[in-house]
Amino acid sequence: MGQCLSREKRPELPPRTSHQSLPEANVLLSNASTLPNFYNHSPNRNISSFSQPSDPKYEVVVALYNYESRSDGDLSFKRGDLMYLMDSSNIDWWYVQRVADNKTGYVPRNFVALQKTAESEDWFAGKISRNRAERLVLSPNLPVGTFLVREREVIPVEYAITIRDISDGRPCVKHYKIRKSDNEGYFITHRRMFKDLRELIKYYRDNSDGLCQKLTVAAPRIMPTRPDLCYETTQQWEIPRHELQLKEKLGDGNFGEVWHGKWKGTVEVAIKTMKPGTMSDEAFLQEAHIMKQCAHSNLVKLYAVCTKEEPFYIVTEYMSGGSLLHYLRDESNQLTIPALIDMCAQIANGMKYLEERKLVHRDLAARNVLVGDKISGVPIVKVADFGLARKLMEEDIYEARMGAKFPIKWTAPEAAICGNFTVKSDVWSYGILLYEIFTRGQNPYPGMHNREVIEQVEQGYRMPCPKSCPPEVYDHMLKCWHQLAEKRPTFAYLYNYFDDFFLTRERRCGGATRQNVWKIQRMSSDLDNYRIQLQHVEAALIADPNNKELLELRENVQEIIRLQEEVLAAAGDPVTEETQPSAGSSKDKEIKWNVGDKCLAPTKNGQRYIAVIDGISQNNVAVTFTNNGVKSMVRIQELKVAPQEERKNYLFQNKGKNSGPSKEWHAEKERRKARAQKKEMRKKQLDEAGEKQKNKWLNFNSKATNKNFKGIKKVEQTRSAPDGPRNQATSRKMTQVSSRTINKFGTTSRGNMDSLF
């Protein structure tokens, strides 16, 4: 290590690497030995006290957190320190020279960032899940407008802003997708382009400009987990036993004991001692080597081992919450369904990492999942105990040795009977783990011994749904317990399902997917009419407060409004991430636009109107807006699918040449105008009819509303049913009934549809 520290003996530096593109941020969770290190960042960091770099040969990095050196090869630094990047060849440790005093050493890669990049900003959270982003901005005592920018979990890299908002007096979260233009710029709406993310954030700090709130402060960052104890243990992870101090015994098992301790008196670690004779030196080192290669935010990190004498030690990161099993059984831990769902997603995320590397755990259970700190009331969980892990061969099957012991109630039948372990047998164990989570730590198969469990499972028995378990979760338990291993879901699927659990649930209730955007817009128009009718009913009740028909009508209209508000709330904000398709996404590529097609095209003010395509180039299209005849040029990625009733090809003169709309187009425009005039005349007649005529309409509408109410209740009851012809027919019926709105005092639903565009 002396050569690394000496400037004269330092090896020849590699050529300067280009960092024009933002490196992937490896934002991990903090070491659970201490509380999360939250920083309330100032929008404008003051670094004027540091000497500015004068050597243009090296790039400059800035420290994001404080770091204390643990060995001679590491370099201590404070948050905000500037350092020259001398060598970035190691993915986890960078070799740097501090600007202030020219000291050199290795620093953890996830503790620093290149200066003047988005990653160096307080608001950049890196590649984190949507759920974790929401928990960060919803942390207590943060103002409205708290935000962060995250990398979305898609390829190629995309970004999104997560903003803290308020609705009905309660905090909520909105997500906005940041798009990338062809000229490498960024934008949220096409009205305004920015050269980079920093310029975009600076603008929206001063202007909301269509966002739910003006950006105020950055969400607090969480201290990441150190990649290793120090740079020296990156490759040489056998450490002297005297450097470890065993402080408190946490538990014991068949293979040994688990202790809470410290390394060199400073770094809190968990130390697992192995009973003498448990396994050979070679087998132990093989298991440790597998653990050392695993680096994921939902897997417990292995730091080092001690194998020079028995008992062997395994040194891992310390998780302050203990095992998930004890955490679930502790009644003082008030866990909500969303928190349980989030933990399911975290565990699936860690197992997804093992699945991608063809690693089988073989002992996945709540007792082998550890709990760390909390973010907005949701604990961080990590999969632990890789003592049984094995690397799968090409046939993806590992055969256990004779006499090996397995936890029968957590083991898939093909593994328990034949000893054949695969990733799919881990999926079975994950289903049992779900049962443990939603029963708050109850033993699976209560009242049954191991032999009986094997016999019953072979005959098709599956545990019943726990009382507090959502039906959708139990459905996925059964999928994990499929008799045929190949029919069980992958961990990638399970992670995506639980990570988007509530979004998926909302979309099944009519969320803003591309197929039903038009339906939602129609429902929104109907909702306005129902609210107008409710005002008329309440006005009539002032004159006759005991009228039973009016009271029943008011109750039914209120219920219709409530149901439709729930559906629209599930659909979300039409400009948020859920309903804003990314440019060039697979769904966009499936649409082949032709000259004459109708579409929804954006105007300069950001609103979308129905337009007819006049011409198509490689990246742009020429359109004519049907509401005012204005011609415009827009990017093809910005086009949206037009409403289903309007999405038909309009014939153009001269077989599609740019000579303007055809006679059929003008005829349709005249018919629309005539319908609008007829509607306006009818409204005027109703206004002149007086109170007597209104009461007559109210009596008529009472029957129509009751009929419409029953139709919507039927759709509400069939929301969670599998998609099928009957369910689809019911949805169509609801749409048709809703479009023939019962309001006779305001504009009709059909009329409001046209006004949307």
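The backbone N, Cα and C atoms fix where each Cβ goes, and this holds for glycine too.
The annotation ATP binding site is assigned in TrEMBL to LYS272. Cβ neighbours of LYS272 (ATP binding site) (same chain, under 8 Å, six or more residues apart in sequence): GLY256, GLU257, VAL258, TRP259, TYR313, ILE314, THR316.
Residues annotated as compositional bias 'Basic and acidic residues' in TrEMBL: 1-13 (among others).
Among the features that TrEMBL reports, compositional bias 'Basic and acidic residues' is placed at 663-694 (among others).
Residues or ranges marked as domain 'SH3' in TrEMBL: 56-117. Helix, strand and coil counts from DSSP across the domain 'SH3' (56-117) read 3 helix, 27 strand, 32 coil.
Feature annotation from TrEMBL assigns domain 'SH2' to 123-219.
Residues annotated as domain 'Protein kinase' in TrEMBL: 244-502.
TrEMBL lists 1-24 (among others) with the feature region 'Disordered'.
Taken from TrEMBL, the feature region 'Disordered' applies to 647-757 (among others).
LYS272 (ATP binding site) falls within a strand segment according to DSSP. Secondary structure of the domain 'SH2' (123-219) per DSSP (helix as H, G, I; strand as E, B; remaining residues coil): 18 helix, 32 strand, 47 coil.
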